[in-house]
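**Student:** According to Swiss-Prot:
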DOMAIN    1-208  domain 'ThyX'
BINDING   Thr55, Arg78, His79, Arg80, Glu86, Asn163, Ala164, Arg165, Asn169  FAD binding site
BINDING   Gln75, Trp76, Phe77, Arg78, Glu86, Leu87, Ser88, Gly89, Arg90, Arg147, Arg174  dUMP binding site
MOTIF     78-88  motif 'ThyX motif'
ACT_SITE  Arg174  active site, involved in ionization of N3 of dUMP, leading to its activation
Amino acid sequence: MKIDILDKGFVELVDVMGNDLSAVRAARVSFDMGLKDEERDRHLIEYLMKHGHETPFEHIVFTFHVKAPIFVARQWFRHRIASYNELSGRYSKLSYEFYIPSPERLEGYKTTIPPEQVTEKISEIVDKAYRTYLELIESGVPREVARIVLPLNLYTRFFWTVNARSLMNFLNLRADSHAQWEIQQYALAIARIFKEKCPWTFEAFLKYAYKGDILKEVQV
C-alpha cells in the first residue's frame, strides 16, 4: 500500500507483523488464555485502550518506506521508540528533488509579498543550491561536504519500523493541528494504513486514547 503525499513524497507499507488479534493474544497470555469469539476479542481491545494497558499493542509491528522533506524527517525522528535507516548523502549522489510549497499553502498568512513570489523565491534558491552542489562534486569535493549547501526542503527517504503503541503516540502528536501542516499529511497517511491493517485497534484508539484533533474530523 502506497500513498502519495505533498508534491513528491509518499508513505509505503513495506511489512506488517501481526494484527488486532496479536494484541488480544498478548494480553490473554497473562491468564494462560488465547482467542475467544469476535465480540469478546474486540471488547478486550477496547478495554485495554480505555484503561491504558498499552503493552499488548507493542506486538503489532509496521515497517514503512517514507519519502519526505528533510525538515519533516527531522521532526519524525524525534519519535525515538522505533528503528530508522535513512538515505545517505555521504554514499549516494542526491537527486534534484525538493519540496516546493504551493501558493495555497500560504493562504491565511499575512505575508508582505504574494504567495506566488514566495514559491518563486524558494525555487530560485533551490536551483542555485543544487547547481553549487553539482559544481562542488565535479570539482572533487567529497559528497559528505558538498551536501551541506542543500536546503532542508530536499527530499530524503527512510525506513521506519515501529510498534503499534509507538505509532499511536506518533498520531497523537502529529495528527494534530498543532503539528506542522506537512507532517500532518504524513500522519494522516499512516493513520489510513493503520486503520486498514488494525481496524479494531484504530477504532478503540480514536474512541479512548486519541489526544489530537484532526483524525476525527478527516475521513482516513
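The backbone N, Cα and C atoms fix where each Cβ goes, glycine too.
Each of the listed features needs to be described in terms of its position in the shown structure.
**Tutor:** Residue density at Ala164 (FAD binding site): 27 other Cβ atoms are found within 10 A of its Cβ, drawing on all protein chains shown. According to DSSP, Ala164 (FAD binding site) is assigned to a helical segment.
Secondary structure from DSSP puts Glu86 (FAD binding site) in a beta strand. Under a cutoff of 8 A between CB atoms, and with a sequence separation of 6+ in the same chain, the neighbours of Glu86 (FAD binding site) are Ala73, Thr156, Arg157, Phe158, Phe159.
For the motif 'ThyX motif' (78-88), the mean pLDDT of the prediction comes to 95.
Reduced to three states, the DSSP call for Arg174 (dUMP binding site) is helix.
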**Student:** Cα-Cα separation of Asn169 (FAD binding site) and Gln75 (dUMP binding site), in Å?
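**Tutor:** That separation, Cα to Cα, works out to 14 Å.
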**Student:** Taking Thr55, Asn169 as the binding-site residues to compare, which has the smallest set of other Cβ atoms within 10 Å?
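**Tutor:** Candidates: the binding-site residues Thr55, Asn169. Fewest Cβ atoms within 10 Å: Thr55.
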**Student:** Compute the C-alpha separation of Ala164 (FAD binding site) from Gln75 (dUMP binding site), stating it in Å without decimals.
**Tutor:** 19
**Student:** How big is the gap, in Å, between the Cα of Gln75 (dUMP binding site) and that of Thr55 (FAD binding site), rounded to a whole number?
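**Tutor:** Cα-Cα distance, Gln75 (dUMP binding site) to Thr55 (FAD binding site): 25 Å.
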